[in-house]
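Comments concern the structure below.
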Amino acid sequence: PAKTTLLSPSQKKANHIQSEQKRRANIRRGYEALCETVPALREAIRLEEEAQMAEGVAGNGKKSKRGRRVKIDDGTGEKIDGRAGPKSENIVLGKTIEYIRELLNDRQDLLARLERARSSLAPDHPSCRPSDPQPLWEREWKGGSGKEVDAEEDEEEEDEE
């Protein structure tokens, strides 16, 4: 077997730093995606940005003195004075949980509405019989080949002939 070269301590450190930067960038992208997806976060961020713009321009149209603006730690979204901004980890996760709960409640309401609508139909109506025992969104993901298992077996048999 060929001799493998071990990494030097400086290479190990560089690899570790690069991996940590990638990890943090992925987390940051995830939080940004949540901020774009959750309506309450989008609105809070928009209001925060408008407030910052208003603070940045004094009543006479000139920029205010630099020291008066509230500084924000870009890593956490938290203001230097200790108040959390709309992008803080705690607020993003809390608002995301609220939004998911709202979506689940909306889903339950829609399912109840569907059942009420179905109950008003005749029992032999086609809408009362589900075409598939389990809706598509409730099925387990099997890798995304786009083909059913039976269809793949049929194709294999045809290829053998």
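Backbone N, Cα and C define each Cβ position, glycine as well.
Quick look at what TrEMBL lists:
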type     : residues : note
COMPBIAS : 1-18     : compositional bias 'Polar residues'
REGION   : 1-24     : region 'Disordered'
DOMAIN   : 11-103   : domain 'BHLH'
REGION   : 54-87    : region 'Disordered'
COMPBIAS : 70-86    : compositional bias 'Basic and acidic residues'
REGION   : 118-161  : region 'Disordered'
COMPBIAS : 137-149  : compositional bias 'Basic and acidic residues'
COMPBIAS : 150-161  : compositional bias 'Acidic residues'
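On the 0 to 100 pLDDT scale, the model's mean across the domain 'BHLH' (11-103) is 80. The region 'Disordered' (1-24): residue composition by secondary structure is 16 helix, 0 strand, 8 coil, according to DSSP.
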